[in-house]
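As given in Swiss-Prot:
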| type | residues | note |
| --- | --- | --- |
| BINDING | 17-24, 88-92, 142-145 | GTP binding site |
| DOMAIN | 8-290 | domain 'tr-type G' |
C-alpha cells in the first residue's frame, strides 16, 4: 500500500489545559468541523466522544488520553487535506502522568486557557512538561462568551506566569454576551461564523471601526515577531516595506517551531466560534513530524542511534499508553517514528528483548475504531494482541534493534490498603490490579510483608479513588479501602566513621565469617539517592565479596531501621574488614554489611522525611482568611498570594499527611467556590512530634 497522506501534511498534536478550561468541548468541536462526528457531543450532557470511560461521563472530567485521527483542509479549503492526530490529555493534576506521557509522543500542542480563569495552576505544570520535551505550542483562549472574559489579560499571564512570548494572531470582537467573532490580524478582516450551521461556514467582513486602531497596534506586533525570524525579513521590515501574508506566516512558523513565540487565538468552543480558525493555525504553525529533530535512541552496542521520520528507515515506534478495552482486551497505543509495519508482522520489544506479533492494528476515533492494514512514520495507532508491552517500551524491526528514550515516571506519594470483600473477589482483585498497573506506570501495587495487606500507591486521592472505581466497574471486584498512608522516607544527618559489622558463626562443620568496616555519610537530596564506594586496599576483603556487601546494604535501604520506610540520600564507604579462607561466603558478607549498616544508621542522627506538596488554592476574596487559617492548622508555609477582583491565589507548601480530606473541607469553608491543585514538591524533615507519632504507630 502506498502512503495516502504525505508525512509533511501530518500534525500530531495534544490538547491540554486546566481542568475546566473547556478542553474536551474544544476537542469535540475539532471532530465536528473536521467532519468526523455529525452531532456535537456536549460534556455537560455526558455525551462527549473523547470521554469514553463511564466514569469520565459521570464526573465530567477526562481521565484517559484518547487518540483520534481527523482530516482538515482549512476554513476556506485553502490547504491540501491534512491529517491531524489529536491526543486529548487530562487536566487534573492526579493524572499528570498521562499528560507527561502524551507530551512525549506529540509534535505540537494546543494549550487551552479559560478567558476568565486565565493561567491556572495545572496550566503551569503542563507548560513545564511541554518545555521539558521542547514541544512547540499555540494557545487557544476559550470561553470568550463567559462573564469576566478578558483576552488580553490571559495573553499577559502567558508572558508573566509561564514566561512564554505570547503573540496574538487574533483579537476578539466583543466579549461575554457580546462576543461576536474574531479579527484575523494577518488578513486584517473580521471573521463572522454562521450560527445557523453551527459555525461550519463563515464570512470575512470589515473590522468594526471602533476596533481599528487596536487591531493595527497588535498587527504591528505580529509582523515584527515574524520579521525577527530572519535577517532578510528584518531588513525588509526596517526599510518600511510591507511583508506579504506568505512572508508573515513563514516567519511566524519558523519562530513557533523553535518555541520562540506562542501564537494566541481565541473563541468560544461552546458557541461554535474560533475552533475553526485555531485548526488553521495548527496547520500553519505547528510542526509536521519532518519538522522536528530525529528521535534519539540507544543501539544494542550502547552507542547512540537515531531514527528520522521517514518510511524508508527501519521500523521504530514507542508504546505510550496501554488501555483495557471491554471488547478486545489490551489496546497498546503507539507512535510510529520511522518505517512501516503491517498487521500480522513480528517486531521486537527491544526494552524486554522479546518478540511481539502485531495482531490487528486499529486507528482510534475516540472509542470507535477502524481496522487498518499498515501504519507508517508519523502515525499514531493502537495494536490489539501484544502480549508483554508496557508504557515506554520500544517496538522495532527485528533486524534493526534500537531502544528509544525511556519515559521517566514520578514516584507515588500516597498509599492505601485494599482488601477484597469476599473470597471470590480475592483472585479477581490481583488480576485487576495487575492490569491497571500495566496501564498506568504511576500506580503501584505491592504486598506489605508484615501485615500481608495489599497496598496500592498513586499520585493523589482522586487517582486512587478512580482506580478502585474502575476495579468495581470493569473487573466487578468489590473492595474495602483503608485509610490513606503517606509514603515517608528515612535518611541521616551526620557522618559516622569506622562502624564495624561482624557475622561469625563457628559451631562445628563449615562456619560463616564476614567482617566489614564502613563509613556512612549523608548525600544531597535530588542526587543519586545512594552511592557505594569501595576503598578496600590490599585484598583484606576479596573482590568477589564486595558486591555482596553492596547488596546487603541495599536490601536494608528498602525498609529503614527507624520505622521501616525506604532509606534515601546516603553514601557508604567500605574501607576495611577481614575474611576467613574457608568460612567466608557471600551470604556471610551480606549479613555483616547489614549489621554494620544498622549500627551506623542509628548513630548517624537518623531522621524521618515527609512528602511536602506544592498547593495552590484559588478562592473568592471573601474566604481568604478562613482558607489561610485552615492551611496554617495543616502546618502549611504560605509562600505568597496574588489577587484580582474575582479571585485570590494562595501558594503554600503543605505536608501531604495534613492534606487528606482537604477537598471536602475546602468546599465547606467556601461554599464550593474555591478550587485547589497540589503536586509533589520535595521531601523535608518531619518535626520531632510528627516523626515520633509516625514511628510509634509503626511499632504497634
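Including glycine, each Cβ sits where the backbone N, Cα and C put it.
Around the Cβ of residue 17 (GTP binding site), a 10 Å sphere holds 28 further Cβ atoms from the protein chains shown. Cβ-based neighbour count (10 Å, all protein chains) for residue 20 (GTP binding site) stands at 17. Taking all protein chains in view, 30 other C-beta atoms sit within 10 angstroms of the C-beta of residue 144 (GTP binding site).
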